[in-house]
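Visitor: Taken from TrEMBL, the feature transmembrane segment applies to 9-27, 33-51, 58-78, 90-109, 121-143, 155-179.
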Amino acid sequence: MNHSKVRNLTIDAVFLALLIVFAMVPAIPVGFIPVPIVLQNVAVMLISLLLGARRGSAVMAIFIMMIAIGMPVLTGGHGGMASLVGPTAGYIWAWLFQPAAFAFLARFVPKKEGALMPNFFLSFALIFILDMVLVFGLGSAWLAHVAHMDFFKAYLGNMAFVPGDMIKVFIATTVATAIQSRVK
Ligand code: BTN
């Protein structure tokens, strides 16, 4: 295995570890829908911003496999097949597609030659749009199905996450932009 492959695998492992570390921060229940405020999605944002479609999807797929085999890698230490079909499963599956979706959308906006991601403002906008459309969309659709709720009611419940997620997108984009500016 060559040097850059080892380096990339090490970086991917660090991001996988970050997903697990962020799961240790307790969830905050919102009350009206069975979906809490979590910090773990900041790690998914960083993975999407910095790893690209292939490596980002691979890290998220390994994370989903860890959940599937029962490892307690979700916020509050939950995991297992029940988590992958439970009320919050739509959000977790959306996380799997987020790195590829970000890479796809990033192809349509200007980017500096050789840059990992578009500039701060475009990256912020793309990650925020993906959160509102892909994550909230799939999350609400599955929640509506499982909890026999109206989709629009479920989606509206997600508005409770908007202020916090906006701050998380800001933090993830700031950190990713700083890392990108230091990587040749
Ligand atoms: C789980 O641990 O079961 C997944 C929780 C998903 C929470 C979603 S992710 C998008 C939105 N922002 C939050 O802070 N919480 C929800």
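Quick reminder: no glycine exception, Cβ is built from N, Cα and C everywhere.
No curator has checked TrEMBL annotations; they are predicted automatically.
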Visitor: May I ask for the residues of the chain that lie six or more residues beyond the transmembrane segment (90-109) and have a Cβ under 8 Å from a Cβ within it?
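Guide: Here the qualifying positions are 35, 41, 44-45, 47-49, 51-53, 55-57, 59-61, 63-64, 67, 74, 83-84, 117-118, 122-123, 126-127, 129-130, 134-135, 137-143.
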Visitor: Which residues of the chain, 6 or more past the ends of the transmembrane segment (33-51), have a CB below 8 A from one of its CBs?
Guide: 11-12, 15, 18-19, 21-23, 25, 27, 59-60, 74-76, 87-88, 91, 95, 98-99, 101-103, 116-117, 123, 127, 130-131, 135, 139, 143, 147, 154, 157-158, 160-161, 164-165, 168-169, 171-173, 175-176, 179-180
